[in-house]
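To start, the structure under review is shown below, and the notes come after it.
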Ligand SMILES: Nc1ncnc2c1ncn2[C@@H]1O[C@H](COP(=O)(O)OP(=O)(O)OP(=O)(O)O)[C@@H](O)[C@H]1O
Ligand code: SF4
Ligand SMILES: [Mg+2]
């Protein structure tokens with residue numbers, strides 16, 4: 001078990017290093033260098049040249065590129081991601097306070113997506129070719145094909161503006177904290193994000209269950225006298241969910257990307273909203289911090305997928 | 001007393017992309033309590049479909065039972081509800097499948113799978129069922145059954161999995177045990193062990209056994225009576241000795257001639273030339289006619305379908321059975 | 001045979017019809033509307049739909065119907081070109097991985113996993129945030145981060161081909177890899193690649209919509225289905241001017257749905273083994 005995991009972790013670290021080189025390179029491509037940006041041309045006077053040179057030396061910008069890279073990487077590893085050009089606050093602090101709301105939204109919607117997708121996919125598979133199957137595939141295809149932000153806007157139009165039932169922005173009404181209030185804020189982003197994800201999951205569950213229904217052990221179970229329901233719940237489901245679990249873990253980055261969009265629509269104070277705001281303000285340090293954070297998330301979810309797979313499938317041993 | 005199992009005029013079709021395949025066309029036979037009957041025939045002749053139909057395990061669609069009757073202990077199985085059938089399956093009538101590598105649930109411990117078979121048909125606790133499962137694993141010759149019960153199928157060899165399958169099948173002392181090519185997927189050395197285990201199982205439970213096989217050697221060793229199937233029909237039926245000694249259908253004769261024999265110098269196999277007819281559009285007359293050595297151009301063979309009739313104590317479906325060697 | 005299987009697929013036919021209508025409408029935009037999608041007319045700001053402006057006008061008095069049609073061109077082209085790029089990269093890498101095998105295969109497939117796990121949206125936040133958004137960047141980013149699907153399919157087919165005797169014989173004759181790809185791999189994978197490409201077009205259109213909605217893709221004043229919805233982040237626009245945001249949203253959904261139907265139909269027709 002150990003050796004396998006160590007190898008996977010090493011590969012992930014290698015990928016992370018490559019990604020960080022990519023990000024650093026992009027950063028270098030950015031128009032203007034940080035010092036020049038500190039000092040707009042119209043403010044320059046006689047002493048400016050000397051100041052710029054001194055500042056460059058102080059920031060290490062006159063070092064060779066690879067030295068700069070390692071300095072930057074060293075800082076990043078120790079949690080020093082620089083300061084926001086916009087607010088002047090530390091990027092790690094900024095990211096840190098946004099992680100919570102995003103994880104909260106993502107985690108719950110992932111859960112809800114599965115709660116929708118597993119029964120729906122199962123039903124579609126068991127009733128393959130019949131009405132329930134078509135209905136399920138219409139629903140899941142609709143979820144896959146409709147842009148989630150459009151659903152979000154539609155939701156705001158109907159439930160916030162026309163019916164006045166649900167708030168359209170934020171995690172809570174300022175100064176008015178209550179469980180009901182935060183639930184009502186959560187409801188729309190949660191359901192829409194979950195629904196968008198559930199389409200893909202439903203299709204996976206369906207095809208996985210259909211494949212398993214043809215397996216030989218199903219007939220063995222029937223020959224024992226297991227009922228149709230028992231065959232599905234006690235034998236097929238677990239086998240069918242093994243590949244699905246991996247796919248769900250692998251799609252974590254996609255759920256996060258979906259959250260970026262939904263957070264923007266509902267002004268949800270998470271990572272996504274921060275990322276879009278920093279893109280709009282060309283707040284490079286924050287963008288880069290977000291990119292690094294996201295890359296780590298991606299590699300972690302790949303590792304989780306591997307781990308889960310080995311945990312749920314007795315045939316795969318980690319040796 | 002009526003036989004344990006009576007199959008009468010069974011006809012089964014499969015709807016496929018290319019048309020309707022008549023997998024079974026008028027199959028009739030009986031199995032008496034406690035006896036061992038072998039079903040032999042080439043691949044695709046309908047052996048498995050027969051077994052699956054008897055136990056109600058056919059997938060419908062694509063299969064469709066056109067006509068016929070299956071009476072087990074004087075109950076018509078084809079007319080039972082799903083639930084009634086379920087109570088019989090695995091209890092009074094059990095089955096062992098061909099491929100032990102895939103027939104067990106890969107993510108469930110073997111002991112639990114056997115215990116499930118027990119708990120489905122008798123009101124015992126989880127612990128009692130598990131204890132019985134361990135006993136059964138011991139009975140089928142598994143060393144350290146307690147440990148084995150807690151393992152997953154992938155930790156078993158092919159022969160061990162087939163033992164587990166047999167343990168599962170005899171868990172409820174069935175009156176009928178159908179084994180569909182139980183040794184085909186196994187190594188030759190393991191085959192003998194599994195066969196002798198089947199014999200033990202039979203002694204243990206007294207179950208009538210239907211043994212489906214390609215292997216006439218296995219038939220000679222295990223069975224009392226033989227059914228020979230060809231293109232969805234039974235073409236000959238007789239007790240083992242007389243079938244081997246004097247087949248009364250040219251197809252059986254051909255099968256027997258294709259067995260490699262140790263006592264004969266020649267090593268050449270003589271398989272029957274040609275291949276079985278398409279089940280999609282069965283020709284009128286005898287399905288074996290295109291390959292038959294006995295026919296010698298006789299028109300009757302292609303115009304009229306030979307019915308099963310009695311010749312020298314055999315049932316045979318050949319117009320010229322009297323001439324067969 | 002394949003054609004007949006496709007025609008039997010009612011939804012696929014419906015998809016083809018709708019798609020043709022959409023393509024035709026965008027191509028013939030000048031015939032369908034006299035309005036210039038870019039022309040600002042401050043006397044006609046925020047007009048509700050009327051005979052003159054079928055879908056009303058936006059905050060700068062531009063005709064929404066005209067914008068919708070011209071936006072379709074951009075959105076469809078982004079979908080098609082990003083899919084093409086993805087399929088070309090994927091086919092080449094997939095074929096190379098399948099034919100060469102060994103560590104090359106392992107490396108390419110590993111890279112495929114990594115690329116696939118980075119959503120284009122996030123990649124574009126970083127790229128557009130640093131280099132600035134543009135259509136070209138977006139198309140390249142979509143192609144670059146969605147090639148693994150095509151790559152996996154092509155690799156799979158190639159691997160199964162490698163087992164076949166005639167390919168082995170050709171290899172024994174010293175056939176070059178390039179020759180093998182052209183003469184054996186390409187014909188064999190064509191069906192599956194067409195299916196993957198179709199789905200990739202649908203994905204491309206969806207990704208474009210999200211990116212442009214967030215300002216990461218097509219930049220105004222040039223209209224795209226995605227950026228036409230950008231304005232709908234303001235509550236007044238959402239509540240008072242539904243004609244601004246409902247049509248482009250529906251256009252994306254309907255187009256993507258049709259492309260998916262066509263893709264499913266093609267899969268059944270060209271690749272019956274994999275049909276659902
Ligand atoms: N699922 C199915 N779909 C379509 N046709 C089938 C199916 N199962 C069986 N058949 C048809 O039924 C015929 C008999 O099949 P069966 O499995 O009973 O043969 P068999 O005698 O058991 O052969 P084998 O020795 O290979 O196991 C086949 O020739 C085939 O045409
Ligand atoms: S009926 Fe005719 S063709 Fe059929 S087995 Fe007998 S002799 Fe041969
Ligand atoms: Mg069989």
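The backbone N, Cα and C atoms fix where each Cβ goes, and this holds for glycine too.
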The annotated transmembrane segment range in TrEMBL, which must be one of A:79-102, A:103-126: A:103-126
Recorded stretches the transmembrane segment (A:240-266) and the transmembrane segment (A:103-126) touching, at least 3 CB pairs under 8 Å: yes
Against the transmembrane segment (A:138-159), which of these stretches has the most C-beta pairs under 8 Å: A:9-27, A:103-126, A:286-309? A:103-126
Long-range Cβ contacts under 8 Å made by the transmembrane segment (A:103-126), restricted to residues 6 or more beyond its ends, are 132-133, 136-137, 139-140, 186, 189-191, 193-195, 197-198, 201-210, 213, 232, 237, 240-241, 244, 248, 252, 255-256, 259, 262-263, 268, 270
Under 8 Å between C-beta atoms and at least six residues away from its ends: which parts of the chain pack against the transmembrane segment (A:286-309)? 5, 8-9, 12, 15-16, 19-20, 23, 27, 76, 81-82, 84-86, 91-92, 94-95, 242, 245-246, 249-250, 252-253, 256, 271, 274-275, 278-279, 316
